[in-house]
Amino acid sequence: MNQNKTVKKIDFDKILNTVRVFAPATVANMICGFDILGFAVDYPGDEVVMYRVATPGVRIRSITGDDGRLPVDADKNTVSACVQMVLEYLGISKEIGVEIELIKHMPIGSGLGSSSASTVGGLFAINSLLGNPLTKEELLPFCVEGERLACGHGHADNVAPALMGGITLIRGQHPLDVIKLPVPEELYAGIVFPKVDVPTRDARQLIKEKVFLRDAVTQWGNIAGLIAGLYERDYALISRSMHDVLIEPTRAILIPEFYTMKQIALDAGALSFGISGSGPSVVAISRGEETAKNAANLIQKHLTDCEIDSFKYVSPVNINGPKIL
Ligand code: HSE
């Protein structure tokens, strides 16, 4: 990890015995900003409980809610591997022992930043346990490394909003340059997860490496329009900017009923509709909770009529990121 070592000294007497953390799910891309925009939601999210133990090392005590899909081997599990990295970075990996309970409250491979929420929860927990030797900015590169371990690519558009809260812009990847954007108060997400598995790794492989200049021009116009709309709290500008001409046409084929769901959301008055992260969750970004709820309900009803199981979540944008429970 290429960082300057300006970390606080750890006071071993002040290390906590246990800490329980909630870390939020995220809607990466925010429709038009592939790999650079994302926002956190109040729910769902994951919980991490971390215990200080006498024997040095990092171990997974238990994982629940994952249907047995995540590795409990501490070297292979993303959360424990990232916690280990932080302990090594702080130079205390031989002195500290921690055990981790991971409680998943959201489906894996859903496009809701499931691995990011767990990683951010784990890193926020170890930092809290140790008395916050690192700032959030200093923790972020470790979170990105977790994303790389989880899906083979270190994009930051899930981990940044999960850690920082709110809406974040990844202005640059190397070095990381993350900007928190204003959050218009009435912005709500009506999220529906059709129960089909779309691993981020696969969804990324589908995307074309090259794009047409005219499409790039449309896309960066939309991204700039969205950012201006957020600063101006101009919902009409936000609405007409949230269109994705680069990624959605390719990924939509992985999501059952995508274009019908889109029509339903827009007819229900959503500002925009699109894929959450790499899918298959979809999101009706709306002005006000009622519209978001209504859009999500109608989408879910349609999926039920098509005999496709789904979950739905309606949430405002989460402002603060992880929290101690
Ligand atoms: N920006 C990433 C993607 C998010 O769309 O592949 C993955 O959750």
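Glycine is no exception: its Cβ is also placed from the backbone N, Cα and C atoms.
Any TrEMBL annotation is an automated prediction that lacks curation.
If you draw a 10 Å sphere around the CB of Gly111 (ATP binding site), it holds 28 other CB atoms from the protein chains shown. Per TrEMBL, the feature ATP binding site maps to Pro107, Ile108, Gly109, Ser110, Gly111, Leu112, Gly113, Ser114, Ser115, Ser116, Ala117.
Marked as domain 'GHMP kinase N-terminal' by TrEMBL: 77-166.
As annotated by TrEMBL, domain 'GHMP kinase C-terminal' applies to 227-302.
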When pLDDT is averaged across the domain 'GHMP kinase C-terminal' (227-302), the result is 97
Neighbouring CB atoms within 10 angstroms of the CB of Gly109 (ATP binding site), all protein chains considered, total 22
Cβ proximity for Pro107 (ATP binding site), under 8 A, sequence spacing 6+, ordered by residue number, returns Ser114, Phe193, Lys195, Phe311
